[in-house]
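Chemist: One structure follows; several queries about it will come next.
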Ligand SMILES: Nc1ncnc2c1ncn2[C@@H]1O[C@H](COP(=O)(O)OP(=O)(O)O)[C@@H](O)[C@H]1O
Ligand SMILES: [Mg+2]
């Protein structure tokens with residue numbers, strides 16, 4: 001921050017009209033406009049999904065689409081419950097509704113039959129995505145450190161080979177994996193999905209992290225080893241703290257992949273290990289075109305990534321302090 | 001503290017030999033400068049002593065113990081890197097205390113010793129600062145602090161002043177030597193700067209292409225260079241070489257160069273006829289009208305208290321360090337004489353010094369000029 005400020009200050013004092021160092025205020029304005037336009041364009045679908053999630057089902061399919069409407073919690077109620085249709089007489093005979101959702105459901109001549117599968121599916125997604133991210137980043141960091149610091153025979157070929165696991169589209173390898181998983185009893189298990197996502201992500205993690213670790217001078221570890229630490233201790237106390245930026249960035253990429261993955265999940269999971277992405281579209285089939293429920297599921301689905309990214313923002317933006325080594 | 005004894009040390013990287021057959025001993029409490037041009041194998045030698053690189057052959061003993069194949073962490077040495085290598089995620093205090101933490105020293109004791117060390121290096125006022133904002137000299141002191149806080153058997157330093165600017169380097173050279181005088185730790189100091197080496201070291205090892213060309217005190221290296229390489233590397237301007245062809249019998253005290261008979265220290269071996277080089281330090285050259293060794297003024301450099309005058313002779317250019325009170329015209333003919341008891345004689349082809357009375361310690365350790 002401060003170097004940028006001082007540069008602009010000097011630049012301005014030297015030349016008031018045009019500066020070679022600083023972009024002109026006009027091009028800055030153009031850049032800002034482009035960024036805002038791009039942000040709006042990408043945000044519109046998200047905003048629309050959120051708005052749909054708080055519409056009532058009739059409002060959600062009205063044409064022309066409603067911009068102004070009375071917010072309704074029905075989508076969220078439908079997302080978390082299963083309902084059965086009843087006669088108005090039966091509903092009238094019931095005692096007072098317990099809670100908002102009960103009341104909203106009864107207005108549609110239905111009663112809540114029980115919780116939906118959304119929460120367990122969402123939990124599957126959390127376990128599988130965070131678990132595989134943890135494994136991929138952990139293994140990736142160790143492998144990247146190895147590739148970066150030791151003479152690994154055929155290192156270049158190995159790195160290429162690792163990357164090649166990502167060259168085929170998932171659908172091309174899905175059938176062999178499906179057959180393999182059936183043999184191994186890994187079909188429709190959280191462990192199976194975690195291993196699969198780890199395998200896919202570890203290649204990305206190794207490549208990304210190798211770049212970050214290559215940037216950390218070896219002298220740090222050597223200094224630590226001379227100071228009396230073992231290589232593993234030096235790795236933990238000196239390399240890891242300096243690789244946090246890289247690790248955070250890698251973790252976010254891995255998490256986003258594992259969280260959003262649809263193809264493998266829909267082919268390999270159907271029951272107990274199903275993740276949220278293949279589950280959310282199935283909501284639509286339960287009792288009419290329930291767009292608010294789908295939108296509610298999608299909105300909730302976005303939250304963990306958002307929170308994770310915001311939590312790691314500091315690490316991502318901090319940048320690596322090379323100050324102590326470089327002149 | 002301890003002695004470092006290196007014997008027949010060798011390091012090859014594939015087919016390339018970075019260090020060949022190095023042997024030297026650094027006595028307890030001594031300061032050795034490993035001096036040589038960039039790429040001659042100084043860092044590699046130091047890294048082998050530290051345990052960061054495994055030798056291809058030879059042995060390293062620290063305080064009598066063979067540590068050749070021991071890990072760096074088991075050697076009880078401290079290393080100051082060329083780039084300082086301060087841990088950027090720790091502040092000054094934690095950087096200095098880090099080696100003590102590895103030894104499991106209790107916190108209160110760490111605190112005490114870090115503060116002691118900081119006072120010794122006069123950095124106690126920056127103990128709680130992050131290292132990233134420090135000036136070059138302070139970083140250097142923190143790196144030194146991290147090295148001395150442990151009181152290791154010996155210090156290894158790899159061009160620790162290389163990144164500092166010239167002015168500050170002089171200050172640090174003095175500080176480092178004073179520090180050494182106070183703590184008397186066995187030290188190996190790598191540098192390519194002969195002035196640093198001369199100013200600080202008790203002993204200097206001059207390296208070239210992985211070979212130690214000469215090992216000795218700064219005076220020995222300056223006054224009695226073992227090879228033309230050493231003579232040329234040390235001194236500024238370096239030693240003059242006057243090339244001539246002759247054969248000399250053992251006991252000869254003079255040689256014929258052109259028309260002149262030049263006296264020199266008594267030769268201690270028969271020298272077969274061949275090309276020889278007479279080595280003369282610029283401060284041992286004088287002008288004398290009557291001398292049969294003739295030349296013409298080629299140029300001069302004014303240095304304040306004295307001047308370097310370059311003379312063109314039949315045997316090549318000769319530089320003389322002369323008082324600055326007289327100026328010479330270019331092309332002016334002059335006669336040259338040399339301070340005969342200080343001359344070196346080399347075999348030009350091998351570059352080796354020919355043994356003479358000069359090498360017998362006949363010379364008292366005079367203060368060097370310049
Ligand atoms: N790890 C290595 N692999 C291959 N060659 C190396 C390695 N380390 C050093 N060298 C080579 O060995 C020679 C000596 O290097 P070094 O000891 O760093 O020289 P100095 O410190 O005297 O400048 C150089 O030519 C360098 O290229
Ligand atoms: Mg070096």
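Including glycine, each Cβ sits where the backbone N, Cα and C put it.
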Chemist: Can you say which of A:191-209, A:210-228, A:267-285 is given as transmembrane segment in TrEMBL?
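Modeler: From TrEMBL, the annotated transmembrane segment range turns out to be A:191-209.
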Chemist: Among A:8-29, A:30-51, find the range that TrEMBL records as transmembrane segment.
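Modeler: Within the set A:8-29, A:30-51, TrEMBL attaches transmembrane segment to A:30-51.
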Chemist: Taking A:92-113, A:158-179 as the choices, which stretch does TrEMBL tie to transmembrane segment?
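Modeler: Comparing A:92-113, A:158-179 with TrEMBL, transmembrane segment matches A:158-179.
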Chemist: Under an 8 Å Cβ to Cβ limit, what residues of the same chain, 6 or more beyond the ends of the transmembrane segment (A:291-312), are close to it?
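Modeler: Contacts of the transmembrane segment (A:291-312) (Cβ under 8 Å, skipping residues fewer than 6 from its ends): 46, 49-50, 52-57, 60-61, 72, 74-76, 78-79, 118, 122, 125-126, 129, 248, 251-252, 255-256, 259, 276-277, 279-281, 283-284.
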Chemist: Under 8 Å between C-beta atoms and at least six residues away from its ends: which parts of the chain pack against the transmembrane segment (A:191-209)?
Modeler: 124, 127-129, 131-133, 135-137, 139-141, 143-145, 147, 159, 162-163, 165-166, 170, 177, 181, 184, 243, 246-247, 249-250, 253-254, 257-258, 261, 264-265, 268-269, 273, 275
Chemist: Give residue numbers and ranges for long-range contacts of the transmembrane segment (A:158-179): same chain, 6 or more residues beyond its ends, CB-CB under 8 A.
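Modeler: Result: 143, 147, 152, 187, 196, 199-200, 202-204, 206-207, 210, 261, 263-264, 267-268.
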